[in-house]
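Worksheet: one structure, shown below.
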């Protein structure tokens with residue numbers, strides 16, 4: 001028993017442990033371990049307790065092949081994906097966290113593996129087999145291997161989205177084994193290189209400012225990265241029409257204005273979220289971006305329009321603050337082993353020296369670890385963190401009326417409301433949990449109702465679209481949902497069970513959501529759908545649909561949408577690098593009437609911005625998914641986040 005000894009990973013000396021040839025039970029609970037060294041050996045270990053540590057990865061446990069019982073509860077960074085990894089890696093494992101997993105583990109090792117192997121093989125046969133000539137060079141084999149591994153991890157999906165990380169991990173493993181067998185390639189069995197880091201620090205030792213300066217010194221790495229090139233012919237103003245399959249004539253458009261394209265041109269393509277600042281990283285997924293609120297000082301204003309031009313973006317282990325006009329990475333904040341999924345801004349009035357008060361923008365960032373980082377951007381300082389959930393946080397947002405109220409939506413199927421407090425001049429602060437909303441499925445997107453942001457919250461979840469009463473004077477701290485909304489499915493039937501991966505308000509009443517019906521984005525009325533006077537919790541309510549927007553027929557999830565309420569625009573990216581833009585200003589009057597007249601025909605996009613031909617290391621970047629698209633409040637800049645670690649910035653002329 002080595003429990004409660006404040007042990008860190010470096011304290012587990014392989015030279016000592018490798019001598020314990022017959023050790024069968026080991027208790028390492030209640031320590032500070034963030035990982036296991038790869039060479040502890042312990043060939044006869046049968047029972048291992050790692051409860052209450054800080055473990056971030058489980059793959060090193062494969063060095064204990066005879067392990068039968070394993071517990072690692074209360075390691076906040078481990079998820080369901082890690083459970084499945086150990087079930088696959090440890091063939092003799094019977095008990096995991098006190099539960100008999102024999103049947104499930106057999107399914108994971110056999111049935112799951114068989115299905116994934118079939119899909120990987122089919123992907124090779126369909127897309128890659130004919131690309132390799134009979135007489136091939138080593139370079140050709142290396143090139144097609146890299147392309148295949150990248151493509152197969154992106155396109156082979158199986159099982160629930162909550163296991164997507166495990167699936168990608170297994171798919172890569174299976175694909176490498178397949179290539180080794182089929183092409184005689186050497187199998188890469190080396191573990192991924194570990195980043196060295198001061199053992200007492202989990203965050204980057206660089207300040208955000210130093211990190212920004214560092215990346216700007218690597219040639220023009222963060223601005224017009226010299227290994228990501230835009231072909232000159234594509235740098236002209238983009239007047240692209242909707243892509244094939246979604247073409248429309250001007251006679252089909254409702255107005256002359258709608259038939260005209262928005263004139264927008266690409267300004268910058270930035271590769272500023274790379275793991276370890278690597279120029280070769282075209283895998284890091286970028287998830288969230290939000291423009292900084294305007295202040296009298298602080299956020300940079302565009303010289304022509306009264307709008308902020310600084311945007312916070314997140315993906316991988318970093319959060320960046322970018323000047324959209326110049327393409328400069330102003331600040332960069334990193335946390336090793338984190339994967340950031342969401343960022344949100346608030347403005348706090350803080351006490352500075354001499355008891356004077358001043359407004360400052362604070363950025364909240366959260367992701368896989370379930371921890372919210374609070375960053376005082378002007379001071380280049382992360383002043384605190386909130387351990388909000390034991391599972392990853394999908395999205396965060398601040399209340400527009402209560403500047404210290406932060407909502408966090410997590411994979412633990414809960415949405416929590418926090419009061420983050422206001423830091424004093426020494427950055428001391430006190431955060432408290434005010435409310436917990438039970439979601440019953442993973443919440444993906446959340447939105448506060450503009451007309452009553454202190455009373456109702458909407459969430460798009462893996463299992464439907466829900467509404468909660470969040471009024472704080474009700475006394476009840478933990479609350480079930482008040483309503484679940486029904487939508488038409490592919491067959492025209494009404495359903496509540498569907499994944500809602502896009503949700504935003506277009507104005508005070510019109511909601512835009514993407515869910516159950518392929519090729520379609522719904523616009524629906526909050527006031528006509530939800531009767532605030534209705535009694536009881538967990539009511540089923542039919543969404544009053546105002547219109548349907550024509551969109552891609554892809555079945556890929558998590559390509560989210562956004563709105564620009566001031567300009568009546570909706571934006572949504574697709575699976576081919578396209579950005580679908582809808583100018584809905586001509587419909588708003590009809591929708592705002594008492595009856596909310598429905599548009600009979602599907603509304604086509606005003607324009608689809610096509611992804612330009614980008615080259616990385618001499619090869620064209622392909623298979624670009626647009627994870628998120630956000631404009632500033634005046635629709636001057638459009639920030640596009642991708643699956644290939646590229647942030648694209650367009651400017652409307």
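Placed from the backbone N, Cα and C atoms, the Cβ positions cover glycine too.
Automatic, uncurated: that is what TrEMBL annotation is.
Keep in mind that this is a model prediction, so the values were computed, not measured.
Taken from TrEMBL, the feature compositional bias 'Acidic residues' applies to 189-205.
What TrEMBL records for 2-174 is domain 'Leucine-rich repeat and WD repeat-containing protein 1 LRR'.
Mean model confidence for the domain 'Leucine-rich repeat and WD repeat-containing protein 1 WD' (264-652) is a pLDDT of 89. Sequence annotations record features per position, and here TrEMBL assigns domain 'Leucine-rich repeat and WD repeat-containing protein 1 WD' to 264-652.
Among the features that TrEMBL reports, region 'Disordered' is placed at 189-216 (among others).
Residues annotated as region 'Disordered' in TrEMBL: 231-258 (among others).
Each residue of the repeat 'WD' (386-420) gets a DSSP state, and the totals for helix, strand and coil are 0 helix, 20 strand, 15 coil. Annotated repeat 'WD' per TrEMBL: 386-420, in sequence order.
Here the repeat 'WD' (386-420) has Cβ contacts under 8 Å with residues 74, 76, 79, 162, 288, 339, 341-349, 362, 364-372, 374, 429, 431-448, 450, 453-454, 457, 459, 468, 470 of the same chain, all six or more residues outside its ends.
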